[in-house]
Amino acid sequence: MCPLTLQVTGLMNVSEPNSSFAFVNEFILQGFSCEWTIQIFLFSLFTTTYALTITGNGAIAFVLWCDRRLHTPMYMFLGNFSFLEIWYVSSTVPKMLVNFLSEKKNISFAGCFLQFYFFFSLGTSECLLLTVMAFDQYLAICRPLLYPNIMTGHLYAKLVILCWVCGFLWFLIPIVLISQMPFCGPNIIDHVVCDPGPRFALDCVSAPRIQLFCYTLSSLVIFGNFLFIIGSYTLVLKAMLGMPSSTGRHKAFSTCGSHLAVVSLCYSSLMVMYVSPGLGHSTGMQKIETLFYAMVTPLFNPLIYSLQNKEIKAALRKVLGSSNII
C-alpha cells in the first residue's frame, strides 16, 4: 500500500477577496435531499446491496482459494478481482450508509481525500486486472501450446502485484495537488462520495491544468485498458472462428463470455461518468451513476461469473455442501 500525505485541514475563503482564510477540517456530503422515511428506505436498500456484494465476492474468492483444482492463473486472477471488489465497495459505502442515518453527514478533510484516493486507486487496479485477465484469455485461446510456459505462477504473481502497485500510484500526484488547493465556502459537496468534480466546484482559484491532468489520467486508464481488451478479444474471436470444432468454439466462448460481460458493465459506467464529467449530467444523475458503478457493478460481477462458469458453480456446491443450493 502506498503512503499518502495530506494536509489535515484546508483553507477556505470565508468572505471577500481580501479577507483572511479560515482553516476547515471537514466537508459535508449532501447526498440525497429527501424525507427521513426515504432515507431509511435507501439505507435498508443499500445495506442489503452492500451485504450481498461482500458475500458474493467473498464466496468467489473463498471457493477459488479452497479448491486446488482451480488454482490456475485464470481463476486466481478472478479471485484477486473479487478480493479487489470487496475493498473497492468498502472504500465508500460504509460512510455513505452512516450518512443516511446522520443529520450532519460530515466527513473529515483528510477522510474525504483518503476516500477519493482509495476509491480511484482500487478502481484503477480493477481496470488493470481486467486487462491482464483479457491477456490471459488471449494466451489460453490463441497460444494454447505456449500458454503453460508463458503464464507461469511467477508471471501471474508479477502481474497481480503490478496491477496493485500501479493502481495505487496512478492518482497519487493528483490527490496531493487537489488537497493543497484553497476552496471557498460553504464546505458542502453535493454528492454521495468525495468525488473530484463537485470538489473542484468549491475551489477559490480556477485550476484548469489540474482538472485536465485528472481527467486525462482517468481517460488514459479507461480508454487505454479498454482498447487493449478490445484488441485482445478481436484476436480471440479470430482464433475462435478458425476452430474446426463447434465444441471448441462453444467452450472458448463460454470461457470469455463472463469476462466480456463484466468488462462491458464496468467500462460502460466508467465512460459515462468520467470521460466527459459534468457534460449533460444533472447533479442527481451523477449521484445515481456513482451509485451504479460503486455498488451495482460489484454486486453483479460474482453473479455473472457464478452463473456462467460450470467450474465455479461446482466449487460453490462443494463448499456449500449441497448441489441444490446453486
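Each residue's number is its place along the chain shown, starting with 1.
Just so you know, glycine gets a Cβ as well, placed from its N, Cα and C.
As given in Swiss-Prot:
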{"type": "DISULFID", "residues": "C112-C194", "note": "disulfide bond"}
{"type": "CARBOHYD", "residues": "N13", "note": "N-linked glycosylation site"}
{"type": "CARBOHYD", "residues": "N18", "note": "N-linked glycosylation site"}
{"type": "CARBOHYD", "residues": "N106", "note": "N-linked glycosylation site"}
{"type": "TOPO_DOM", "residues": "1-44", "note": "topological domain 'Extracellular'"}
{"type": "TOPO_DOM", "residues": "66-72", "note": "topological domain 'Cytoplasmic'"}
{"type": "TOPO_DOM", "residues": "94-112", "note": "topological domain 'Extracellular'"}
{"type": "TOPO_DOM", "residues": "134-158", "note": "topological domain 'Cytoplasmic'"}
{"type": "TOPO_DOM", "residues": "180-216", "note": "topological domain 'Extracellular'"}
{"type": "TOPO_DOM", "residues": "238-259", "note": "topological domain 'Cytoplasmic'"}
{"type": "TOPO_DOM", "residues": "281-287", "note": "topological domain 'Extracellular'"}
{"type": "TOPO_DOM", "residues": "309-326", "note": "topological domain 'Cytoplasmic'"}
{"type": "TRANSMEM", "residues": "45-65", "note": "transmembrane segment"}
{"type": "TRANSMEM", "residues": "73-93", "note": "transmembrane segment"}
{"type": "TRANSMEM", "residues": "113-133", "note": "transmembrane segment"}
{"type": "TRANSMEM", "residues": "159-179", "note": "transmembrane segment"}
{"type": "TRANSMEM", "residues": "217-237", "note": "transmembrane segment"}
{"type": "TRANSMEM", "residues": "260-280", "note": "transmembrane segment"}
{"type": "TRANSMEM", "residues": "288-308", "note": "transmembrane segment"}
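Feature annotations (Swiss-Prot) mapped to structure.
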| residue | record | Cβ neighbours (10 Å) |
| --- | --- | --- |
| N106 | N-linked glycosylation site | 15 |
| C112 | disulfide bond | 24 |
| C194 | disulfide bond | 22 |
Spatial neighbours of the transmembrane segment (113-133) not adjacent in sequence (6+ beyond its ends, CB under 8 Å) are 2, 4, 6, 74, 77-78, 80-81, 84-85, 87-88, 91-92, 95, 107, 159-160, 162-164, 166-168, 170-172, 175, 178-179, 193-196, 199, 221-222, 225, 228-229, 259, 262-263, 266, 270, 294
Relative to the transmembrane segment (288-308), which of 45-65, 73-93, 159-179 accounts for the most Cβ pairs at distances under 8 Å?
-> 45-65
Long-range environment of the topological domain 'Cytoplasmic' (66-72) - Cβ separation under 8 angstroms, sequence gap at least 6 = 311-312, 315, 318-319
Helix, strand and coil counts within the topological domain 'Extracellular' (180-216) (DSSP) | 14 helix, 5 strand, 18 coil
Roughly how many Å separate the Cα of C112 (disulfide bond) from that of N106 (N-linked glycosylation site), to the nearest whole number?
-> 9
When you scan the chain for residues with a C-beta under 8 Å from the topological domain 'Cytoplasmic' (238-259), skipping those not six or more beyond its ends, what do you find?
-> 74, 130, 133-134, 137, 140-142, 304-305, 308-310
Segment-level pLDDT (mean, integer) for the topological domain 'Cytoplasmic' (309-326) | 69
